[in-house]
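Structure, as structure tokens:
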Amino acid sequence: MHKRTYLNACLVLALAAGASQASAAPGASEMAGDVAVLQASPASTGHARFANPNAATSAAGIHFAAPPARRVARAAPLAPKPGTPLQVGVGLKTATPEIDLATLEWIDTPDGRHTARFPISAAGAASLRAAIRLETRSGSLPDDVLLHFAGAGKEIFEASGKDLSLNRPYWSPVIEGDTLTVELVLPANLQPGDLRLSVPQVSYFADSLYKAGYRDGFGASGSCEVDAVCATQSGTRAYDNATAAVAKMVFTSSADGGSYICTGTLLNNGNSPKRQLFWSAAHCIEDQATAATLQTIWFYNTTQCYGDASTINQSVTVLTGGANILHRDAKRDTLLLELKRTPPAGVFYQGWSATPIANGSLGHDIHHPRGDAKKYSQGNVSAVGVTYDGHTALTRVDWPSAVVEGGSSGSGLLTVAGDGSYQLRGGLYGGPSYCGAPTSQRNDYFSDFSGVYSQISRYFAP
């Protein structure tokens, strides 16, 4: 994972800003896309620093045994049921979750803060994240308490006391490797004996989420899938903007520690500063506890058509911090989140239309099938307002070639506006399609953005 240079970021911003300014003024039921102006904080994108860079990691920590291989295989079926997220991690619990802070090696920084490091490991894990409970004996945790997280990669993520809740565990970012190193930083007026720390469970990934520079899932999708960069529209400003609005989602269930993948889209809005509105599927995020664990992966695509893993975009960026649920309708499978952290520079706020989609429309989908690098599918809307698998007000899309798969859930159904820009019209629920499917099964179903817009319109304007 590499940081964009200042000049490259400015170039992206300038080009996209020009596209935004050329867009028609949005009406009451639609809005053109726009470029991101604010930049993500280093702490939320893996560019934090240890408070005590040269400190050793304490021997005291928590170790989890590897899960049975059969359990790992059973958790990640090749063809998950429609309307279910793709599982990529399994939960492991321990009967002894407490860590005695007095046993850690504490070192003070020059400004008087107290620091210590400890490991959380799981045998054989390719990637790992941990549920952490940290609280003072009086209850509330000061905002200036810091936690730093690192794995085998170069990334160091940061959380503060205000990110941790007394009501539920805080799930760390996903790190590479089988050992998560945690640095705990306490303000000068807080002593280790004032705190209680426990790690009740971890989420265990058998395959690396970040292997060799974000090659996770690379090539794992079906043979009929098309790299986003291979689309005939690739290289046009409108299409490239649309791809920059799409992110891979990784989230964890606090109930069992299982981790899952979906796809989501950043949506434009008229607020100043912009709100980080993020569209996906209700079946991906079931409750606020799960939304709080969300991390999004941006710019995960190849830079060459049908390129190998070496062509993965070097600007891939992970954003941590979770999200809040603004709207969720399980029956319609609609979901609107608000990311708690600002996405990285270079992302795009996708335009949208709340006008009902017309039967016969040409639909486009940019998604992450099986967690693979970004793919593109194009199809025809063959039915609107239909019921499928117990869900209502869905839009059916027929695929002539490339389809969608597990991990694509929540990805946006896009249409092209009169000015050539893309507009979001719904999100993927699922269906019977797969590479090699007969014509009768080469179709999938999307939620309808227009059907719930009256419920969510207040979030898109001041």
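Glycine is no exception: its Cβ is also placed from the backbone N, Cα and C atoms.
According to its DSSP assignment, His283 (active site, charge relay system) is coil. When Cβ atoms from all protein chains are considered, those within 10 Å of His283 (active site, charge relay system) total 24, not counting its own. The active site, charge relay system feature in Swiss-Prot is assigned to His283 (among others).
Other C-beta atoms found within 10 angstroms of the C-beta of Asp333 (active site, charge relay system) number 30, with every protein chain shown included. Here Swiss-Prot flags Asp333 (among others) as active site, charge relay system.
Annotation note: Ser409 (active site, charge relay system) sits in a coil segment as assigned by DSSP. The number of other CB atoms found within 10 A of the CB of Ser409 (active site, charge relay system), across every protein chain shown, is 31. If you look up Swiss-Prot, you'll see Ser409 (among others) marked as active site, charge relay system.
According to its DSSP assignment, Cys224 (disulfide bond) is coil. Annotated disulfide bond per Swiss-Prot: Cys224-Cys435 (among others), in sequence order, evidence recorded as similarity to another entry.
If you look up Swiss-Prot, you'll see Cys230-Cys305 (among others) marked as disulfide bond, on the strength of similarity to another entry. The Cβ of Cys230 (disulfide bond) has 16 neighbouring Cβ atoms from other residues within 10 Å, across all protein chains displayed.
Marked as disulfide bond by Swiss-Prot on the basis of similarity to another entry: Cys262-Cys284 (among others). Sequence-distant neighbours of Cys284 (disulfide bond): residues of the same chain at least 6 apart with a C-beta under 8 Å from its C-beta are Pro85, Met249, Phe251, Tyr260, Cys262, Gly264, Leu335, Ser409, Gly410.
Residues or ranges marked as phosphotyrosine in Swiss-Prot: Tyr429. Counted within 10 Å of its Cβ, the other Cβ atoms near Tyr429 (phosphotyrosine) come to 24, all protein chains included.
Among the features that Swiss-Prot reports, signal peptide is placed at 1-24, with the record citing sequence analysis.
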Seminar exercise, completed: Taking only the CA atoms, the spacing between Cys435 (disulfide bond) and Asp333 (active site, charge relay system), expressed in whole angstrom, is 24
Exercise. When the Cα of Cys305 (disulfide bond) is compared with the Cα of each of the recorded positions Cys224, His283, Asp333, Tyr429, which one is closest?
Worked result: Cys224
For this session: Could you round the CA separation between Cys224 (disulfide bond) and Tyr429 (phosphotyrosine) to a whole angstrom and send it over?
Result: 20
Exercise. Looking at the disulfide-bonded residues Cys305, Cys435, which one has the fewest other Cβ atoms within 10 Å of its own Cβ?
Worked result: Cys305
Seminar exercise, completed: When each of the disulfide-bonded residues Cys224, Cys262 is scored by other CB atoms within 10 A, the minimum falls on Cys224
Exercise. Near Asp333 (active site, charge relay system), meaning Cα within 10 Å, which of Cys230, His283, Tyr429 (recorded positions)?
Worked result: His283, Tyr429
